[in-house]
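Participant: I'd like to ask some things about the structure below.
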Amino acid sequence: MFKTAFRSIPRSLISKVNFGYVLSNVLESNLQIRKFSVHEFQAVKIFEDNGVGAPRGIVAGTPEEAFQAAKTLDKDGKGVVVKAQVYAGGRGKGTFDNGFKGGVKVASSAEEARDIASKMIGAKLITKQTGAAGKPCNKVFIAEKVKLTHEYYFAVLLDRASAGIVLVASREGGMDIEGVAKRDPNAIIKVPVSIEGGLTKETVEKLVSDLGFKAENKEKAVEIITRLYNLFVSTDATQVEINPLAETEDGRVLCMDAKLNFDDNAAFRHQDLKNLDDESQHDAREARAKQWDLNYVGLDGNIGCLVNGAGLAMATMDLIKLCGGEPANFLDLGGGANAKAIGEAFKIITQDPKVKAIFVNIFGGIVHCDVVAEGIVEAAKKLDMKVPIVARIKGTNVERGQQILRDSGIAIYPIDDLSQAAIKAVELSASQ
């Protein structure tokens, strides 16, 4: 499918494609893995249940609750940390839609914690991971303030390149790990873990030594990393990220922050975790797509994409960018490219006001092209769509399908050549 997607691209464009980058996007993307998450305060409870150390904290849903939580936690006047609870990284450098800056703030008193919480709760936090829409902050986590002596980065991830689990770590924690990797790739340590053999104590001890933990903290670090790995496996997680994993002034090793994602396909084994998922953190369009078994992820561009097959969808998005455009979404119909699914897909795409053109790229194998074409026309008419549609359909009954599109009498542009179709979509998006 990947090779087929590029077969009709002119050599002049092919020469500009970084195939390693494109292919890695397809392989490393987690778009095909449906996942669910939990908030930090919930992750801390999960850690406690699994013997993993983290700062004490209390969740608050109102400024007054934040005030009381701070009074409970801060008995010695050291202050507390107020953390916005949203499904996104980069909170510390984020900005709320009310203008308040920073999703992680230190409060020197309970009164200040209440004031900070009043600016966070009910607002949307915008970070580099949320897009312009931001994520609603409905709760804050009031955590004890801990003095740290060193901050590390640690994560357990799925690695498609090695078809297994990988430990990722760095001495440079508490900061943007992507920035660290870009500035100094050698600062990132990657340790593949054999699925058959599992994680050995010797492997963890070497990692802890390479990271440079203090001698008196090495055994604690080995224990906490081992427990995080066991948690990853036992919960069918796709990501356990700690940034930072820190040594404290009083001799502890603690997870100061936590990001946990779990495989939705394994949710039947972990209903207790699935019940923690906060629907308010999900894009309404993604939630609607999930109801129809569609894979949708909103992006920041203005060209809607409707494709069947994740590999073809990724290749289509890369081609749009190659031609100077920006995709507004990833939407994979999968094998369900029938009239109803297509109609729902168009509804989801057109809910995004940024969309100025829609690029449909369908390969009709199991589903026939004439059925796809009828679904496109029916949906466009029913929704009274004003957005132009570029449709490239290939496969069974393609001639009949293209005729249906040409005879529709609406702004649908059936184009057989993939590169020309992408160019047309970019042109239409720029002219609207």
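A Cβ is built for glycine as well, from the same backbone N, Cα and C atoms used for every other residue.
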Participant: Besides Gly365, Ile366, Val367, which of Asn302, Asn308 does TrEMBL list for that substrate site?
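Facilitator: Matched candidate out of Asn302, Asn308, per TrEMBL for substrate with Gly365, Ile366, Val367: Asn308.
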Participant: Which residue counts does DSSP yield for the domain 'ATP-grasp' (44-92) in the helix, strand and coil classes, in that order?
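Facilitator: Residue counts for the domain 'ATP-grasp' (44-92) by secondary structure: 19 helix, 9 strand, 21 coil.
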Participant: I want to verify one value. Collapsing DSSP to three states, which class is Ile366 (substrate binding site)?
Facilitator: coil
Participant: Within 10 angstroms of the C-beta of Arg91 (ATP binding site), what count of other C-beta atoms is obtained when all protein chains are considered?
Facilitator: 23
Participant: So of Ile366, Val367, which of the binding-site residues has the fewest other Cβ atoms within 10 Å around its own Cβ?
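Facilitator: Ranked by other Cβ atoms within 10 Å, the binding-site residues Ile366, Val367 bottom out at Ile366.
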Participant: Report the same-chain neighbours of Gly90 (ATP binding site): residues 6+ apart in sequence with Cβ closer than 8 Å to its Cβ, ordered by sequence.
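Facilitator: Gly90 (ATP binding site) has long-range Cβ partners Thr127, Lys128, Gln129, Asp176.
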Participant: Using only the Cα atoms of Asn308, Gly365, Ile366, Val367, which the record gives as binding substrate, return the largest interatomic distance in Å, rounded to a whole number.
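Facilitator: With Asn308, Gly365, Ile366, Val367 as the binding residues for substrate, the largest Cα distance is 11 Å.
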Participant: Out of Asn243, Asp257, Asn308, Gly365, Ile366, the binding-site residues in the record, which is closest to Glu151 (ATP binding site) when you go by Cα distance?
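Facilitator: Closest by Cα: Asn243.
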